[in-house]
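Report on one structure; see the data block that follows.
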Amino acid sequence: TAMVDCSDYPKPACTLEYMPFCGSDSKTYSNKCNFCNAVVDSNGTLTLSHFGKC
């Protein structure tokens, strides 16, 4: 399983940088910030499926 360090999150705003992450919920997150904010919101239930689009 790929690991992402989300210890610096959540952040109030994310950049528009596009570097997609595929979450365990089968959703594509546009970048690490958006993905990590979602991980924090999910209380750790969301994980990274793989890098790139789902």
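Every residue, even glycine, has its Cβ placed from backbone N, Cα and C.
According to Swiss-Prot, Cys14 forms a disulfide bond with Cys33, chosen from Cys33, Cys36, Cys54. According to Swiss-Prot, the cysteine that forms a disulfide bond with Cys54, out of Cys6, Cys22, is Cys22. With all protein chains in the displayed structure included, the most crowded Cβ environment within 10 Å among the disulfide-bonded residues Cys6, Cys14, Cys22, Cys36, Cys54 is that of Cys36.
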